[in-house]
Amino acid sequence: MTDPAPPPTALAAAKARMRELAASYGAGLPGRDTHSLMHGLDGITLTFMPMGQRDGAYDPEHHVILINSQVRPERQRFTLAHEISHALLLGDDDLLSDLHDEYEGDRLEQVIETLCNVGAAALLMPAELIDDLLTRFGPTGRALAELARRADVSATSALYALAERTAPPVIYAVCALSRQEDEGEGGGAKELTVRASSASAGVKYSLSAGTPVPDDHPAALALDTRLPLAQDSYVPFRSGRRMPAYVDAFPERQRVLVSFALPAGRSEPDADKPEAPGDQS
């Protein structure tokens, strides 16, 4: 018989502590550019080099952070913040002790990686910045676009951070055109699909990656016209079910950033829920 899984509060407490570490570290930085991010790590050097499929690594024995020089700048930036979070975590004996008490093996490694993502998000996207954008723009596609731009991170990274700070029941999504598989010559036609999705606390489902967005949906119309669009519409679940929502779609280059504000009382799934909890990428 295996031991019961640790209660969710253990991970929640660890995430809260990781955010505190990142916020404290970030408060002492002169800026958020690449070299300023390293300012608080005495004796640790930063090296960019080709790393194949790896984004980066932190080597505490040799006091060096390695970043893949062949990936996009915004990915390098998030990876750097992730590796800095590894250094911060290793410097907190109490947090390390708590983690080893609660987890072991592969699960311990998974939790550590999760915490370093939490730390990276808190470092690059401080709560004050997110709250300011939510105050100015509300929980909208525009807020998501502004967060990604001002924090200089990918829209996918931004949507998870924005969802965590959003109080009302809202689903966020990054959508882009993708070519559908087709056995005919020239391949299939392009279709707007969900690339990533996350929801605010209390919303037990989100949109699966690859979910198609109908051509007449506000998100598709916004991308087609290159104009922001906000109106009453629906969440287009892959199952075909449509949940009423106020849709705010903000087109940006070849993608559209979308928020789905759910009606009050619809944040909990019912017996005919459209998507499995956590079904996202």
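The backbone N, Cα and C atoms fix where each Cβ goes, glycine too.
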According to Swiss-Prot, H82, H86 bind Zn(2+); which of E61, E109, E113 is also listed for that site?
E113
Quick one: among the recorded positions E83, E113, which has the most Cβ atoms sitting within 10 Å of its own Cβ?
E83
To the nearest whole angstrom, state the Cα distance for the pair E113 (Zn(2+) binding site) and E83 (active site).
10
Taking 8 Å from the centroid of the Cβ atoms of H82, H86, E113 as the cut-off, which other residues in that chain fall inside it around the Zn(2+) site?
Y58, E83, S85, L89, I112, L115, C116, N117, G119, A120
For each of the binding-site residues (H82, H86), count the other CB atoms lying within 10 A of its CB, then report the residue with the highest count.
H82
